[in-house]
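Pulled from Swiss-Prot:
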- Phe8, Ser9, Gly10, Gly11, Gln12, Asp13, Ser14, Thr15, Thr16, Cys17, Leu18: ATP binding site (BINDING)
- Cys189, Cys198, Cys201, Cys204: Zn(2+) binding site (BINDING)
Amino acid sequence: MKRAVVVFSGGQDSTTCLIQALQQYDEVHCITFDYGQRHRTEIDVARELALQLGATAHKVLDVGMLNELAVSSLTRDSIPVPSYDANADGALPSTFVPGRNILFLTLASIYAYQVQAQAVITGVCETDFSGYPDCRDEFIKALNHAIDLGIGRDIAFITPLMWLDKAETWALADYYQQLDLIRHHTLTCYNGIKGDGCGQCAACHLRAKGLASYMANKQQVILNLKQKVGLA
């Protein structure tokens, strides 16, 4: 039996990964992390979506220690979430939570070991992203190797969106006939606003720009998507 664990926040990317995983695996387990994030309403959104989409199980794990250690505008109300800046100098944004994906993928692997899943699926990508070092393909592969050595079992880290831009991620949701669900019922906004979000933060900017690009050129974007990932 094919089983997978999806690292699930209830945002656009992880929900798209969940939708795809449900087509590819016999059992799909979701794991969501409560680290005291500013936009913690995402946890309720994740619960609703996991139930609505039919995940096999959904575990919400308290990892509050990350909030104590990682200083970020997503973990401290005293640090404002920055608006999108097209002229940013390339420095890490204040929304970066150091160690987040290291911790999440490690714990997801332990959960995968428990439920005998062969894969951990995460929605990180290197194309349209905010410059976070723990979203890079190089990092994911290195951590995957280390965890396999540490637990003595091969658990594949799957990154379906790694080389997709945001327009192609929207196209993937549309391919599975879930574009409206992704648009209106997921929470990607750093300020915790569901759907189209605040429209000001970097996450909302990337999401809106990708949607506009997809809607303006659907046929070409879908063709690009199919060529990249081998969809029929």
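Note that the numbers count up from 1, one per residue, in the order the chain is shown.
Positions of Cβ are set from backbone N, Cα and C atoms, glycine also.
Where Swiss-Prot records a feature, it is marked here on the structure.
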residue	record	Cβ within 10 Å
Phe8	ATP binding site	33
Gly10	ATP binding site	25
Gln12	ATP binding site	25
Ser14	ATP binding site	25
Thr16	ATP binding site	26
Leu18	ATP binding site	25
Cys189	Zn(2+) binding site	23
Cys198	Zn(2+) binding site	15
Cys201	Zn(2+) binding site	24
Cys204	Zn(2+) binding site	20
Discussion item. Give me the CA-CA distance between Cys201 (Zn(2+) binding site) and Thr16 (ATP binding site), in Å, as a whole number.
Written reply: 21
Worksheet, complete the sentence: Taking the centre of the Cβ atoms of Cys189, Cys198, Cys201, Cys204 as the Zn(2+) site, the remaining residues of that chain with Cβ inside 8 Å are Val81, Thr188, Tyr190, Asn191, Ile193, Gly197, Gly199, Gln200, Ala202, Ala203, His205
Item to complete: Pop the Cα-Cα gap between Cys189 (Zn(2+) binding site) and Gly10 (ATP binding site) into the table, whole Å please.
Response: 11
Item to complete: For Gln12 (ATP binding site), name the DSSP secondary structure in the helix/strand/coil scheme.
Response: helix
Item to complete: Among Phe8, Gln12, Ser14, Thr16, Leu18, these being the binding-site residues, pick the one whose CA is nearest to that of Cys198 (Zn(2+) binding site).
Response: Gln12
Worksheet entry | Cys204 (Zn(2+) binding site) - helix vs strand vs coil (DSSP) | helix
Worksheet entry | Cβ within 8 Å of the mean position of the Cβ atoms of Phe8, Ser9, Gly10, Gly11, Gln12, Asp13, Ser14, Thr15, Thr16, Cys17, Leu18: remaining residues of the chain near ATP | Val6, Ala46, Leu49, Gly123, Thr186
Response to the item:
Whole-number Å distance separating the Cα atoms of Ser14 (ATP binding site) and Cys204 (Zn(2+) binding site) is 15
Response to the item:
Quick note, Gln12 (ATP binding site) and Cys204 (Zn(2+) binding site): C-alpha atoms separated, nearest Å, by 10
Practice prompt. In whole Å, note down how far the CA of Cys204 (Zn(2+) binding site) lies from the CA of Leu18 (ATP binding site).
Written response: 20
